[in-house]
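The feature domain 'Cation/H+ exchanger transmembrane' is assigned by TrEMBL to 32-446. Summarising the annotation, TrEMBL assigns transmembrane segment to 24-44, 56-73, 85-102, 114-137, 153-172, 179-202, 222-244, 265-290, 310-330, 351-370, 390-407, 419-440.
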Amino acid sequence: MAISAISHILVKLGMISTSDHTSVVSMNLFVALLCACIVIGHLLEENRWMNESITALVIGLCTGVVILLTTKGTSSHLLVFSEDLFFIYLLPPIIFNAGFQVKKKQFFRNFMTIILFGAVGTLISFFIISLGAMYLFNKLLNIGSLDIGLGDYLAIGAIFSATDSVCTLQVLNQDETPLLYSLVFGEGVVNDATSVVLFNAIQSFDLSNINSKTAFQFIGNFLYLFISSTLLGVLAGLLSAYIIKKLYFGRHSTDREVALMMLMAYFSYMLAELCNLSAILTVFFCGIVMSHYTWHNVTESSRVTTKHTFATLSFVAEIFIFLYVGMDALDIERWRLVSDSPAKSVKLSSILLGLVLVGRAAFVFLLSFLSNLTKKSNYDKIDFKKQITIWWAGLMRGAVSMALAYNKFTESDVKLRKNAFMITSTITVVLFSTVVFGLMTKPLVRYLLPSPKPFTSMTSSEPSSPKSFIIEPLLGNGQCSESTGQNIPRPSSIRMFLTTPSRSVHHYWRKFDDSFMRPVFGGRGFVPFVPGSPTERENPQWQ
């Protein structure tokens, strides 16, 4: 039944053959490949080089080769890559689970740094890639015949600014390296949202007449999308919490409250798409709000069910995407169009890959330096090894880049040769960065961050309450700390105010949350106690 339903959806989307038999066979093979990816990924869990993302990509490539040989070069995939399938069905569970499972205290403690990397950094990378491509394509390649315009160059900048940090996140542990994990994870989500917003803005703006007014409109549109999308996600999460708290579905059926959580999350994503907002940001913040309020309002069995269900859906969707991309990479029709100019195709891909490396480095080290200027504690500073890891984490390009490239370069009114060159170059960069950089991720991260012990000690010394923020700064100049016996210099008044406020933002948020939000929307401590509840055994995430 499940396979038939999926098959029917894909037929409606035009993803597979209209033949029922062909559809069922294709889906059976694809599901079998998903199972193979999970089994092989488990067997390679302790491998120094491989991870499940690369495993799925390689299996997809091998499957494409087999299909190419069996069909005598007429086809290489079971499914055809579609941005609709990606953005509507596969991306929502991944982004929602990211918000639902995130350690909120670490995320919001580093929120400004995450926004700095995810939004400002993406803009810097966007301009470097766009301007670099514009200069190098004309300087080193004879691309006059391809007819690449300004809109295409800006789209290229947005496409290759979208990172895929899945490989690095699979290696990092948010308990051992909480600061680094929150930065890499948070930047990845904000980066994807920013890249999609940039891409959509480029598609909608008239680029034939660019002036200062257009630039301000562009910035205003970006801020509007960011703020509106975030608020919509928060409102959807609060609405689900209020409904479940007031009606208390668990009295009669836990299935209803689980179903409502899932549907409300997906509804927030689709509503954002309908309103032309950033659905990625909407569903991400919906996940955060649901984990803070809604999850505590459901029964114990529903908490366990939702936690594992969302994680499982996200896991399967990630494997599906990498397998999907690997199989579609050998699309024979597009490779035939560029087969007469292999050198040009290689140069094009090499230039784009080089610009990705430079664009990433241009903002990571600069913004890390600026961020460190506002930090007083060494725990909160981003040292050079962490900067290298953050830089490396953003070098991989994945399904978001593929989806945006297909959106831009598969229009029927554009020359097919230009389409083929840009699509094949995107595929080359995605494959090379994911496989080559991905294979080196585990050993690189383990070399830079060799042991969890230092991070354990750092985690234990992390401030756990607002009082921890004010103990050391109140010591006078040259006064001695009783715990360390060391002299601690007194910072300037302005620096102390900026970096170590006497009352942290978290303190005021907790007061507001306990006084106004939780009594209305529920949450930890404001719902009936359920014996054996998993939340009663865990440490509070907001404390």
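For all residues, glycine too, the Cβ spot is worked out from N, Cα and C.
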Going through 179-202, 222-244, 265-290, 310-330 one by one, which has the most CB pairs that fall under 8 Å from the transmembrane segment (56-73)?
310-330
By a Cβ-Cβ criterion of under 8 Å, what residues six or more beyond either terminus of the transmembrane segment (153-172) are in contact with it?
51-54, 122, 125-131, 133-134, 137, 180-181, 184-185, 187-188, 191-192, 194-196, 198-199, 202-203, 207, 318, 352, 355-356, 359-360, 389, 392-401, 404-405, 408, 422, 426, 429, 434, 437-438, 441-442, 445-446
What same-chain residues lie close to the transmembrane segment (419-440): Cβ under 8 Å, and 6 or more beyond its ends?
49-51, 53-54, 57-58, 61, 146, 152, 156, 159-160, 164, 167, 322, 325-326, 328-329, 331, 334-335, 337-338, 344-345, 348-349, 352-353, 356, 392, 395-398, 401-402, 405-406, 408-411
So what's near the transmembrane segment (351-370) in sequence-distant terms, Cβ-Cβ under 8 Å and 6+ beyond its ends?
116-117, 120-121, 124-126, 128-129, 132-133, 136-137, 140-141, 156, 160-161, 163, 382, 386-387, 390-391, 394-395, 397, 425-426, 429, 432-433
Which listed range (24-44, 114-137, 265-290, 310-330, 390-407) shows the maximal number of Cβ pairs under 8 Å with respect to the transmembrane segment (222-244)?
265-290
Among 114-137, 265-290, 310-330, 390-407, stretch most in contact with the transmembrane segment (24-44) (C-beta, under 8 angstroms):
310-330
For the transmembrane segment (85-102), name the stretch out of 114-137, 179-202, 265-290, 310-330, 390-407 with the most CB-CB pairs under 8 Å.
265-290
Count, for each of 114-137, 179-202, 265-290, 310-330, the Cβ pairs lying under 8 Å from the transmembrane segment (390-407), and report the range with the highest count.
179-202
Who are the long-range neighbours of the transmembrane segment (265-290) in its own chain, taking Cβ under 8 Å and residues 6 or more past its ends?
87-88, 91-92, 95-102, 104, 107, 189-190, 192-193, 196-197, 200, 225-226, 228-230, 232-234, 236-238, 240-241, 310
Against which stretches of its own chain does the transmembrane segment (114-137) lie, if we need a Cβ under 8 Å and a gap of at least six residues from its ends?
107, 143, 148, 150, 153-154, 156-158, 160-161, 182-183, 186-191, 193-195, 198, 226, 348, 351-352, 355-356, 358-360, 362-364, 366-367, 370-371, 390
